[in-house]
Amino acid sequence: MSTSSSALSQLKNSPLAGNINYEPTVWSRADALKVNENDPTTTQPLVSADFPVMSDTVFIWDTMPLRELDGTVVSVNGWSVILTLTADRHPDDPQYLDANGRYDIKRDWEDRHGRARMCYWYSRTGKDWIFGGRVMAEGVSPTTREWAGTPILLNDKGDIDLYYTCVTPGAAIAKVRGRIVTSDQGVELKDFTQVKKLFEADGTYYQTEAQNSSWNFRDPSPFIDPNDGKLYMVFEGNVAGERGSHTVGAAELGPVPPGHEDVGGARFQVGCIGLAVAKDLSGEEWEILPPLVTAVGVNDQTERPHYIFQDGKYYLFTISHKFTYAEGLEGPDGVYGFVGEHLFGPYRPMNASGLVLGNPPEQPFQTYSHCVMPNGLVTSFIDSVPTDGEDYRIGGTEAPTVRIVLKGDRSFVQEEYDYGYIPAMKDVQLS
(Lines of atoms letter the chains of each structure in order from A; the text may use other names.)
(Lines give C-alpha, C1' and ligand atoms only; values in the text may rest on other atoms or scores of the structure.)
Protein backbone atom coordinates (compact mmCIF):
# COMPACT_ATOMS: atom_id res chain seq x y z
CA MET A 1 0.00 0.00 0.00
CA SER A 2 1.41 3.38 -0.97
CA THR A 3 1.21 6.42 1.26
CA SER A 4 0.94 10.07 0.30
CA SER A 5 0.47 13.26 2.27
CA SER A 6 -3.18 13.43 1.22
CA ALA A 7 -3.83 10.08 2.91
CA LEU A 8 -3.26 11.85 6.22
CA SER A 9 -6.05 14.36 5.66
CA GLN A 10 -9.08 13.07 7.45
CA LEU A 11 -11.67 14.12 9.97
CA LYS A 12 -10.50 13.06 13.40
CA ASN A 13 -12.65 13.11 16.51
CA SER A 14 -9.88 13.58 19.03
CA PRO A 15 -10.66 12.73 22.66
CA LEU A 16 -8.30 15.48 23.79
CA ALA A 17 -8.43 18.08 21.00
CA GLY A 18 -12.09 17.66 20.07
CA ASN A 19 -13.37 17.57 16.51
CA ILE A 20 -10.52 18.60 14.25
CA ASN A 21 -10.41 18.68 10.48
CA TYR A 22 -7.21 19.75 8.79
CA GLU A 23 -4.97 18.67 5.98
CA PRO A 24 -1.22 18.66 6.52
CA THR A 25 0.49 21.43 4.61
CA VAL A 26 2.57 19.94 1.81
CA TRP A 27 6.07 21.35 1.37
CA SER A 28 6.24 20.62 -2.35
CA ARG A 29 9.11 20.03 -4.73
CA ALA A 30 8.05 23.19 -6.58
CA ASP A 31 8.48 25.13 -3.33
CA ALA A 32 11.90 23.63 -2.68
CA LEU A 33 13.09 24.38 -6.22
CA LYS A 34 12.89 28.05 -5.22
CA VAL A 35 15.61 27.62 -2.56
CA ASN A 36 18.44 30.04 -3.32
CA GLU A 37 21.64 29.37 -1.39
CA ASN A 38 23.11 32.68 -2.59
CA ASP A 39 20.40 35.01 -1.29
CA PRO A 40 22.15 37.29 1.26
CA THR A 41 18.88 37.94 3.09
CA THR A 42 18.66 34.26 4.08
CA THR A 43 22.37 33.43 4.45
CA GLN A 44 24.18 33.21 7.77
CA PRO A 45 27.38 35.28 7.95
CA LEU A 46 30.66 33.42 7.60
CA VAL A 47 32.09 31.98 10.81
CA SER A 48 35.80 32.61 11.23
CA ALA A 49 38.10 29.61 11.59
CA ASP A 50 39.68 31.17 14.69
CA PHE A 51 36.48 30.82 16.71
CA PRO A 52 36.76 30.38 20.52
CA VAL A 53 35.81 27.06 22.14
CA MET A 54 33.66 27.16 25.27
CA SER A 55 35.16 23.92 26.63
CA ASP A 56 38.30 21.88 25.99
CA THR A 57 36.80 18.82 27.66
CA VAL A 58 33.36 18.44 26.05
CA PHE A 59 31.70 18.86 22.68
CA ILE A 60 28.32 20.58 22.60
CA TRP A 61 25.79 20.72 19.80
CA ASP A 62 21.97 21.09 20.03
CA THR A 63 21.33 24.02 22.40
CA MET A 64 18.08 24.41 24.35
CA PRO A 65 17.51 27.69 26.23
CA LEU A 66 15.33 27.50 29.34
CA ARG A 67 11.95 28.96 28.44
CA GLU A 68 8.29 29.18 29.32
CA LEU A 69 5.45 27.52 27.42
CA ASP A 70 4.82 30.67 25.37
CA GLY A 71 8.42 30.52 24.13
CA THR A 72 9.79 33.32 26.33
CA VAL A 73 13.47 32.68 27.13
CA VAL A 74 13.92 33.18 30.87
CA SER A 75 16.63 33.62 33.44
CA VAL A 76 16.14 32.58 37.07
CA ASN A 77 17.27 34.91 39.84
CA GLY A 78 19.48 36.61 37.28
CA TRP A 79 21.05 33.41 35.94
CA SER A 80 20.54 32.45 32.29
CA VAL A 81 20.43 28.69 31.69
CA ILE A 82 20.89 26.59 28.57
CA LEU A 83 20.89 22.84 28.07
CA THR A 84 23.07 21.22 25.42
CA LEU A 85 23.60 17.81 23.94
CA THR A 86 27.06 17.06 25.21
CA ALA A 87 29.79 14.44 24.84
CA ASP A 88 33.26 14.16 26.33
CA ARG A 89 36.25 14.91 24.13
CA HIS A 90 38.80 12.07 24.07
CA PRO A 91 42.20 13.58 23.19
CA ASP A 92 44.09 10.86 25.10
CA ASP A 93 41.92 7.86 24.24
CA PRO A 94 43.87 5.38 22.05
CA GLN A 95 40.64 4.78 20.12
CA TYR A 96 40.87 8.34 18.78
CA LEU A 97 44.58 8.54 18.03
CA ASP A 98 45.75 8.26 14.43
CA ALA A 99 48.68 6.19 13.14
CA ASN A 100 51.08 8.92 14.25
CA GLY A 101 49.62 9.13 17.75
CA ARG A 102 47.82 12.41 17.13
CA TYR A 103 44.31 13.10 18.34
CA ASP A 104 41.77 12.48 15.57
CA ILE A 105 39.20 15.08 16.65
CA LYS A 106 37.19 14.58 13.47
CA ARG A 107 36.47 10.94 14.26
CA ASP A 108 35.76 11.75 17.90
CA TRP A 109 33.28 14.42 16.79
CA GLU A 110 31.57 12.12 14.30
CA ASP A 111 31.04 9.49 17.03
CA ARG A 112 29.42 11.90 19.50
CA HIS A 113 25.76 11.00 18.87
CA GLY A 114 26.13 7.56 20.42
CA ARG A 115 27.20 9.03 23.75
CA ALA A 116 25.01 12.15 23.84
CA ARG A 117 24.07 13.37 27.31
CA MET A 118 21.94 16.31 28.42
CA CYS A 119 24.06 18.87 30.28
CA TYR A 120 23.45 22.41 31.49
CA TRP A 121 25.31 25.71 31.56
CA TYR A 122 24.62 28.99 33.35
CA SER A 123 25.66 32.61 32.95
CA ARG A 124 25.07 36.09 34.37
CA THR A 125 25.65 37.72 30.97
CA GLY A 126 23.79 35.53 28.49
CA LYS A 127 27.19 34.34 27.25
CA ASP A 128 30.45 33.31 29.01
CA TRP A 129 28.75 30.03 29.89
CA ILE A 130 29.80 28.04 32.97
CA PHE A 131 29.49 24.26 32.79
CA GLY A 132 27.06 22.86 35.36
CA GLY A 133 27.19 19.15 34.52
CA ARG A 134 24.67 16.41 33.77
CA VAL A 135 20.95 17.07 34.10
CA MET A 136 20.21 13.41 34.84
CA ALA A 137 22.57 11.08 36.65
CA GLU A 138 23.84 8.08 34.71
CA GLY A 139 21.17 5.38 34.61
CA VAL A 140 18.18 7.68 35.11
CA SER A 141 17.32 7.88 31.43
CA PRO A 142 16.00 4.47 30.28
CA THR A 143 17.94 4.43 26.99
CA THR A 144 21.59 4.79 26.05
CA ARG A 145 21.25 8.18 24.33
CA GLU A 146 19.70 11.44 25.51
CA TRP A 147 18.66 13.48 22.48
CA ALA A 148 17.24 16.96 22.08
CA GLY A 149 14.07 18.45 23.47
CA THR A 150 12.92 21.49 25.43
CA PRO A 151 13.36 22.61 29.07
CA ILE A 152 10.29 24.44 30.42
CA LEU A 153 10.25 26.57 33.58
CA LEU A 154 6.84 25.85 35.08
CA ASN A 155 6.52 28.36 37.93
CA ASP A 156 8.30 30.70 40.34
CA LYS A 157 9.09 27.76 42.61
CA GLY A 158 11.76 26.65 40.15
CA ASP A 159 10.08 23.49 38.84
CA ILE A 160 11.27 22.45 35.38
CA ASP A 161 9.85 19.92 32.94
CA LEU A 162 12.48 18.66 30.51
CA TYR A 163 10.88 17.16 27.42
CA TYR A 164 13.49 15.17 25.49
CA THR A 165 14.04 12.10 23.31
CA CYS A 166 14.95 8.68 24.72
CA VAL A 167 16.93 6.89 22.00
CA THR A 168 18.41 3.38 21.63
CA PRO A 169 16.70 1.09 21.95
CA GLY A 170 13.86 2.68 20.00
CA ALA A 171 12.90 6.34 20.15
CA ALA A 172 10.34 7.81 22.53
CA ILE A 173 9.23 11.29 23.50
CA ALA A 174 9.76 11.56 27.25
CA LYS A 175 9.60 13.98 30.14
CA VAL A 176 11.49 14.32 33.40
CA ARG A 177 10.71 16.86 36.11
CA GLY A 178 13.27 18.52 38.37
CA ARG A 179 14.03 21.93 39.79
CA ILE A 180 16.51 24.76 39.61
CA VAL A 181 18.37 26.05 42.66
CA THR A 182 20.44 29.24 42.49
CA SER A 183 22.95 31.02 44.69
CA ASP A 184 25.26 33.98 44.30
CA GLN A 185 27.88 31.52 43.05
CA GLY A 186 25.90 29.58 40.47
CA VAL A 187 23.10 27.22 39.50
CA GLU A 188 22.18 23.61 40.20
CA LEU A 189 19.62 21.50 38.38
CA LYS A 190 18.40 18.92 40.87
CA ASP A 191 16.04 15.96 41.30
CA PHE A 192 15.69 14.97 37.64
CA THR A 193 15.20 11.34 38.66
CA GLN A 194 11.89 10.00 37.29
CA VAL A 195 11.60 9.76 33.51
CA LYS A 196 8.16 9.22 32.00
CA LYS A 197 7.86 8.04 28.42
CA LEU A 198 4.97 9.90 26.80
CA PHE A 199 4.55 8.31 23.36
CA GLU A 200 6.29 6.65 20.43
CA ALA A 201 5.63 6.65 16.69
CA ASP A 202 2.29 5.00 15.96
CA GLY A 203 2.69 3.60 12.43
CA THR A 204 -0.54 5.31 11.35
CA TYR A 205 0.57 8.93 11.13
CA TYR A 206 4.27 8.51 11.93
CA GLN A 207 6.71 5.96 10.61
CA THR A 208 8.00 3.36 13.04
CA GLU A 209 11.29 1.51 13.26
CA ALA A 210 9.51 -1.59 11.93
CA GLN A 211 8.48 0.37 8.83
CA ASN A 212 11.91 1.95 8.32
CA SER A 213 15.03 1.13 10.32
CA SER A 214 16.37 4.66 9.71
CA TRP A 215 13.17 6.41 10.83
CA ASN A 216 13.18 9.80 12.57
CA PHE A 217 11.11 10.47 15.68
CA ARG A 218 12.45 13.01 18.16
CA ASP A 219 12.84 16.64 19.30
CA PRO A 220 9.72 17.50 21.35
CA SER A 221 8.83 21.19 21.64
CA PRO A 222 5.74 21.87 23.81
CA PHE A 223 3.78 25.12 23.68
CA ILE A 224 0.47 26.66 24.65
CA ASP A 225 -1.63 27.70 21.66
CA PRO A 226 -2.28 31.43 22.16
CA ASN A 227 -5.77 31.01 20.69
CA ASP A 228 -7.30 27.99 22.42
CA GLY A 229 -5.04 27.85 25.52
CA LYS A 230 -4.35 24.12 25.16
CA LEU A 231 -0.96 22.46 25.54
CA TYR A 232 0.42 21.03 22.29
CA MET A 233 3.76 19.69 21.14
CA VAL A 234 5.51 19.63 17.79
CA PHE A 235 8.20 17.07 17.03
CA GLU A 236 10.15 15.57 14.15
CA GLY A 237 8.74 12.52 12.42
CA ASN A 238 8.49 10.68 9.12
CA VAL A 239 5.20 10.03 7.35
CA ALA A 240 3.95 6.53 8.21
CA GLY A 241 4.36 3.71 5.72
CA GLU A 242 6.86 1.07 4.68
CA ARG A 243 10.11 2.50 3.37
CA GLY A 244 9.80 3.08 -0.37
CA SER A 245 6.00 2.78 -0.40
CA HIS A 246 5.24 6.50 -0.48
CA THR A 247 3.86 8.24 -3.55
CA VAL A 248 5.15 11.56 -4.82
CA GLY A 249 1.90 12.70 -6.37
CA ALA A 250 0.58 15.95 -7.78
CA ALA A 251 0.37 17.63 -4.37
CA GLU A 252 3.92 16.67 -3.49
CA LEU A 253 5.20 17.79 -6.89
CA GLY A 254 3.43 21.14 -6.93
CA PRO A 255 3.54 23.28 -10.09
CA VAL A 256 7.03 22.24 -11.19
CA PRO A 257 8.55 23.70 -14.37
CA PRO A 258 9.12 21.57 -17.48
CA GLY A 259 11.91 19.05 -17.05
CA HIS A 260 11.33 18.52 -13.32
CA GLU A 261 8.54 15.94 -13.48
CA ASP A 262 10.88 12.96 -12.94
CA VAL A 263 11.47 12.58 -9.19
CA GLY A 264 13.81 9.59 -9.28
CA GLY A 265 14.10 8.01 -5.84
CA ALA A 266 12.43 10.91 -4.02
CA ARG A 267 9.83 8.57 -2.51
CA PHE A 268 12.38 7.62 0.17
CA GLN A 269 12.43 11.15 1.66
CA VAL A 270 9.33 11.44 3.85
CA GLY A 271 9.99 13.99 6.60
CA CYS A 272 7.19 15.67 8.53
CA ILE A 273 6.52 17.97 11.47
CA GLY A 274 4.33 16.09 13.92
CA LEU A 275 1.76 17.32 16.42
CA ALA A 276 0.38 16.04 19.71
CA VAL A 277 -2.09 17.49 22.23
CA ALA A 278 -2.06 17.12 26.01
CA LYS A 279 -5.04 16.22 28.15
CA ASP A 280 -4.32 19.26 30.33
CA LEU A 281 -1.53 21.69 31.18
CA SER A 282 0.26 19.11 33.35
CA GLY A 283 1.55 17.45 30.18
CA GLU A 284 1.23 13.98 31.67
CA GLU A 285 -1.08 12.46 29.02
CA TRP A 286 -0.82 13.07 25.27
CA GLU A 287 -2.59 12.14 22.06
CA ILE A 288 -0.84 11.99 18.70
CA LEU A 289 -2.46 14.03 15.91
CA PRO A 290 -1.76 14.10 12.15
CA PRO A 291 1.32 16.01 10.93
CA LEU A 292 1.16 19.75 10.40
CA VAL A 293 3.66 19.79 7.52
CA THR A 294 4.82 16.94 5.28
CA ALA A 295 7.87 16.83 3.03
CA VAL A 296 7.29 13.63 1.06
CA GLY A 297 9.56 13.70 -1.98
CA VAL A 298 11.39 16.78 -0.67
CA ASN A 299 13.38 16.07 2.50
CA ASP A 300 13.75 13.28 5.03
CA GLN A 301 14.49 15.37 8.11
CA THR A 302 12.55 18.19 9.76
CA GLU A 303 14.48 18.40 13.00
CA ARG A 304 13.81 20.44 16.15
CA PRO A 305 10.54 22.11 15.08
CA HIS A 306 9.43 25.07 17.21
CA TYR A 307 7.08 28.03 17.11
CA ILE A 308 7.18 31.81 17.33
CA PHE A 309 3.86 33.61 17.71
CA GLN A 310 4.03 37.12 16.30
CA ASP A 311 1.59 39.62 14.75
CA GLY A 312 -1.26 37.13 14.90
CA LYS A 313 0.72 34.56 12.91
CA TYR A 314 2.11 31.12 13.67
CA TYR A 315 5.74 30.88 12.57
CA LEU A 316 6.77 27.22 12.52
CA PHE A 317 10.52 26.67 12.19
CA THR A 318 12.51 23.51 11.62
CA ILE A 319 16.08 22.63 10.66
CA SER A 320 17.30 20.37 7.91
CA HIS A 321 20.38 19.22 6.05
CA LYS A 322 21.74 19.45 2.55
CA PHE A 323 22.27 15.67 2.48
CA THR A 324 18.67 14.81 3.46
CA TYR A 325 17.10 16.50 0.43
CA ALA A 326 15.46 14.24 -2.13
CA GLU A 327 16.91 13.52 -5.56
CA GLY A 328 16.70 16.52 -7.88
CA LEU A 329 16.56 19.08 -5.05
CA GLU A 330 19.24 20.98 -3.19
CA GLY A 331 19.33 23.31 -0.24
CA PRO A 332 21.68 24.33 2.56
CA ASP A 333 21.97 23.14 6.12
CA GLY A 334 19.95 25.61 8.16
CA VAL A 335 16.55 26.90 9.23
CA TYR A 336 13.37 26.39 7.23
CA GLY A 337 10.04 27.96 8.10
CA PHE A 338 6.31 27.97 7.45
CA VAL A 339 3.76 30.61 8.40
CA GLY A 340 0.00 30.56 8.87
CA GLU A 341 -2.84 32.17 10.77
CA HIS A 342 -4.04 29.07 12.62
CA LEU A 343 -2.34 26.23 14.48
CA PHE A 344 -3.77 23.60 12.15
CA GLY A 345 -2.81 25.58 9.07
CA PRO A 346 -2.75 25.90 6.20
CA TYR A 347 0.87 27.06 6.18
CA ARG A 348 2.89 28.79 3.51
CA PRO A 349 6.63 28.23 3.03
CA MET A 350 8.47 31.33 4.14
CA ASN A 351 10.23 33.30 1.44
CA ALA A 352 8.29 31.14 -1.06
CA SER A 353 10.80 28.28 -0.73
CA GLY A 354 10.86 27.59 3.00
CA LEU A 355 14.48 28.68 3.48
CA VAL A 356 14.93 31.15 6.35
CA LEU A 357 18.61 30.95 7.28
CA GLY A 358 21.16 28.79 5.47
CA ASN A 359 24.89 28.27 5.66
CA PRO A 360 26.90 30.11 3.01
CA PRO A 361 27.89 27.92 0.02
CA GLU A 362 31.61 28.41 0.71
CA GLN A 363 31.16 27.06 4.26
CA PRO A 364 28.24 24.63 3.90
CA PHE A 365 28.72 22.89 7.25
CA GLN A 366 29.76 25.78 9.47
CA THR A 367 26.68 25.73 11.76
CA TYR A 368 23.63 23.65 12.53
CA SER A 369 20.76 23.02 14.95
CA HIS A 370 19.45 26.55 14.97
CA CYS A 371 16.86 27.67 17.51
CA VAL A 372 14.82 30.77 16.67
CA MET A 373 13.74 32.72 19.76
CA PRO A 374 10.78 35.13 20.05
CA ASN A 375 13.11 38.15 20.12
CA GLY A 376 14.41 37.18 16.66
CA LEU A 377 17.75 35.88 17.93
CA VAL A 378 18.93 32.59 16.46
CA THR A 379 21.43 30.36 18.21
CA SER A 380 23.31 27.42 16.66
CA PHE A 381 26.49 25.39 17.14
CA ILE A 382 29.66 25.34 15.06
CA ASP A 383 30.13 22.07 13.19
CA SER A 384 33.14 22.50 10.90
CA VAL A 385 34.80 25.53 9.31
CA PRO A 386 37.24 25.28 6.36
CA THR A 387 40.87 26.20 7.03
CA ASP A 388 43.70 25.46 4.58
CA GLY A 389 43.06 23.56 1.37
CA GLU A 390 40.59 20.78 2.04
CA ASP A 391 41.18 20.80 5.78
CA TYR A 392 38.67 22.11 8.30
CA ARG A 393 38.40 22.85 12.00
CA ILE A 394 35.87 21.01 14.18
CA GLY A 395 33.71 23.14 16.44
CA GLY A 396 31.52 21.49 19.03
CA THR A 397 30.88 24.92 20.53
CA GLU A 398 28.38 27.78 20.30
CA ALA A 399 28.25 29.77 17.06
CA PRO A 400 27.76 33.52 16.78
CA THR A 401 24.14 34.45 17.39
CA VAL A 402 22.30 36.21 14.59
CA ARG A 403 19.03 38.12 14.45
CA ILE A 404 16.35 37.65 11.83
CA VAL A 405 13.42 39.98 11.18
CA LEU A 406 10.03 38.49 10.34
CA LYS A 407 7.72 40.47 8.05
CA GLY A 408 4.64 38.56 7.01
CA ASP A 409 5.73 35.58 4.92
CA ARG A 410 9.29 36.89 4.59
CA SER A 411 12.42 36.94 6.74
CA PHE A 412 15.65 38.91 6.67
CA VAL A 413 19.02 38.39 8.36
CA GLN A 414 19.79 41.64 10.13
CA GLU A 415 22.52 41.45 12.80
CA GLU A 416 25.27 39.24 14.18
CA TYR A 417 26.26 39.01 17.85
CA ASP A 418 28.88 37.31 19.99
CA TYR A 419 29.45 33.56 20.17
CA GLY A 420 26.78 31.85 22.23
CA TYR A 421 24.89 35.05 23.04
CA ILE A 422 21.53 33.85 24.38
CA PRO A 423 20.10 36.60 26.60
CA ALA A 424 16.99 36.12 28.68
CA MET A 425 13.85 37.94 27.65
CA LYS A 426 12.51 37.88 31.22
CA ASP A 427 13.95 37.23 34.68
CA VAL A 428 11.94 35.04 37.06
CA GLN A 429 12.56 35.58 40.76
CA LEU A 430 11.92 32.41 42.74
CA SER A 431 9.51 32.66 45.63
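Cβ atoms here come from the backbone N, Cα and C positions, even for glycine.
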Sucrose site partner of Trp61, Asp62, Arg218, Asp219 (as recorded in Swiss-Prot), chosen from Ala137, Ala148, Ala276, Ala278: Ala148
Trp61 (sucrose binding site) and Glu303 (active site, proton donor/acceptor), Cα-Cα, nearest whole angstrom: 13
Integer Å distance between the CA atoms belonging to Asp62 (active site, nucleophile) and Arg218 (sucrose binding site): 13
Env. residues of sucrose site, Cβ within 8 Å of mean position of Trp61, Asp62, Ala148, Arg218, Asp219 Cβ: Met64, Leu85, Trp147, Gly149, Thr165, Glu303, Arg304, Ser369
Pairwise Cα distance for Asp62 (active site, nucleophile)/Ala148 (sucrose binding site) [Å, integer]: 7
Spatial neighbours of Trp61 (sucrose binding site) that are distant in sequence (at least 6 apart) but have CB under 8 A: Thr84, Leu85, Arg112, Tyr368, Ser369, Phe381, Asp383, Gly396
